[in-house]
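Trainee: Structure in structure tokens, see below.
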Amino acid sequence: MDALQAYHSSDSEEENSPCPMPSRSQNAVEKVDESLPSSLGAKLPLPNLDFDSSKRHKENSKESRLHPLLPWSRPPKRSKTHHVHRQLCHQNPALVVNGDEVARTSFEKSLSSAKCLTLPTASSGALLPQSRDRTYHAMSEIARHPDVSSKRLSVAQPYIPKRLRQSSPKSSRDLHSMQTEAAQEKLKETMYVTQPMIAYQLERHTTSKLPKHRTLRLLSHTGPVTHVRWCSASQFSHLLLSSSMDETVRIWNGISKVGGCLQTLNCHRGAVKDAQWGEGGRCVLSCGFDKTARLCDAESGKELQIFDHSSYVSCAKTKPDDPSVFITGTYNSSIFCWDIRTGNREHEYRGKLGQILDVEFLPDCQEFASSCDVVSRDSANKTIMVWDLRTTAAVSNQLYHEKYTCPCLRAHPSDRVFVAQSTANYIALFSTVRPYKLNKFKRYEGHQLEGYHIGCDFSPDGALLVSGSSDGKVYIYDNHTARILKTLQCHSGPCTEVAWHPVLPGVMASCSWDGTVDVWQ
């Protein structure tokens with residue numbers, strides 16, 4: 001009785017309430033006004049826990065709507081449009097890659113043929129029915145990110161068997177390197193073939209000419225280039241030798257228009273300070289900071305002999321009348337004479353000289369001059385000295401009377417004089433006849449050294465004298481008047497060495513601290 005009275009009392013309270021609760025069916029879904037903001041307390045629908053499959057068809061009616069806050073409240077429907085889109089994307093990959101208007105129109109035509117409504121463009125703001133919302137979203141994502149699928153398709157390549165993959169080059173760089181190696185092999189075959197231009201000039205005697213323009217620029221060196229030398233054999237004088245601080249010595253074809261590197265010698269374990277041509281131009285003598293002087297075969301690149309020293313080797317010079325004999329200067333005040341045939345040290349020239357900067361044979365080849373970096377109170381002592389090759393005696397040690405060093409010495413090809421490059425920014429002229437006097441009335445001025453090892457050289461007929469400079473220019477002087485005839489802007493860095501061609505008139509090579517080698521004509 002008490003329970004029955006309580007039930008009737010609850011019914012009477014619901015009837016007397018001002019806002020009676022609406023009746024709710026068991027499977028009804030509450031409609032929510034999407035226009036109202038979420039801050040107004042929109043009511044969430046009750047979760048549907050009825051898993052009876054017979055009642056699911058009622059949920060697919062038009063009255064059911066996805067809740068804006070819970071789009072996952074009902075499993076998504078996969079309409080015919082979705083399946084058609086997947087089939088078209090599988091058959092036509094361009095439809096996925098190109099998210100442009102052309103691909104969209106083709107897709108719309110295919111959908112219309114499948115009795116589906118056309119899709120609106122991205123610019124139009126029309127709403128889509130719920131049955132095609134997944135298709136439109138998929139298409140919009142593809143149009144928004146076309147690069148993702150295009151990158152995937154660009155990576156796809158046809159299958160190559162493993163045996164063909166190993167034999168074929170891996171990249172275009174490998175193919176380019178193979179082509180350059182093949183070109184170098186062809187150039188090596190003609191390494192010791194006399195060029196027609198040189199063969200023609202060997203039969204003629206012409207005077208020197210001034211170079212006008214650059215014909216070649218060689219850029220293989222990765223460090224400063226210290227010296228350049230044309231081949232001492234006249235018939236092979238198209239070969240150009242260069243030594244560099246990148247521990248390599250290179251042989252170039254300096255006459256051809258291609259100007260390729262014929263040989264690279266990697267025998268040294270330190271910076272290369274100097275390099276000279278050996279007997280007949282078939283071998284190369286080089287020295288450097290690995291405390292050795294090495295003799296290598298120019299054609300094969302093989303190392304033939306090693307001459308060990310107790311200190312860094314700064315310079316080397318072969319004897320003009322006997323290429324199997326050469327002298328080397330070191331950093332510890334020593335000069336040595338070597339014989340290639342025996343491999344032994346023949347003579348040693350000692351003194352408190354400091355670093356030996358350069359050595360040069362005098363015209364009779366029985367004496368040679370040396371330059372060192374010692375500057376003492378007595379300015380006329382030991383800066384430039386003349387030695388007897390056989391007796392190792394110092395013939396003269398008071399040639400230069402100024403407190404400047406001379407990093408380069410060159411003998412005239414026909415006159416009995418030699419020049420010394422001075423750090424006082426001029427070239428001094430000396431006699432090769434005792435007592436080796438300095439010519440006080442002639443000097444070659446205009447270039448600059450600024451502490452760099454700057455070289456100079458005479459033309460084959462001795463009429464011109466060329467010198468490098470620290471400002472990257474090359475200065476050409478008249479040997480008789482000591483006037484500047486021409487100035488060439490060759491390099492961006494200091495021009496460290498210049499060399500006249502022994503056969504061709506007006507051909508000159510220069511090298512620089514920036515690692516470049518130029519040929520002028």
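Glycine residues also receive a Cβ, built from the backbone N, Cα and C atoms like all the rest.
Pulled from TrEMBL, these are the listed features:
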REGION    1-80  region 'Disordered'
REGION    146-176  region 'Disordered'
REPEAT    218-253  repeat 'WD'
REPEAT    306-348  repeat 'WD'
REPEAT    458-487  repeat 'WD'
REPEAT    488-521  repeat 'WD'
Trainee: So if I exclude everything within five residues of the ends of the repeat 'WD' (488-521), which remaining residues of that chain have a CB under 8 angstroms from its CBs? That is, six or more out.
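Mentor: Beyond its ends, the repeat 'WD' (488-521) has Cβ neighbours at 197-198, 201-202, 206-219, 221-230, 232, 234, 237, 240, 242, 244, 246, 252, 254-255, 259, 450, 452-460, 464, 466-474, 476.
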Trainee: Summarise the repeat 'WD' (458-487) by DSSP state, stating how many residues are helix, strand and coil.
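Mentor: The repeat 'WD' (458-487) comes out at 0 helix, 15 strand, 15 coil.
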Trainee: Looking at the repeat 'WD' (458-487) alone, can you tell me the average pLDDT?
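Mentor: Mean model confidence (pLDDT) across the repeat 'WD' (458-487) is 95.
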Trainee: What parts of the chain pack near the repeat 'WD' (458-487), using Cβ distances under 8 Å and only residues at least 6 beyond its ends?
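Mentor: Same-chain contacts beyond the ends: 207-208, 210-211, 410, 412-415, 419, 421, 427, 442-452, 493-498, 500-503, 505, 508, 510, 512, 520.
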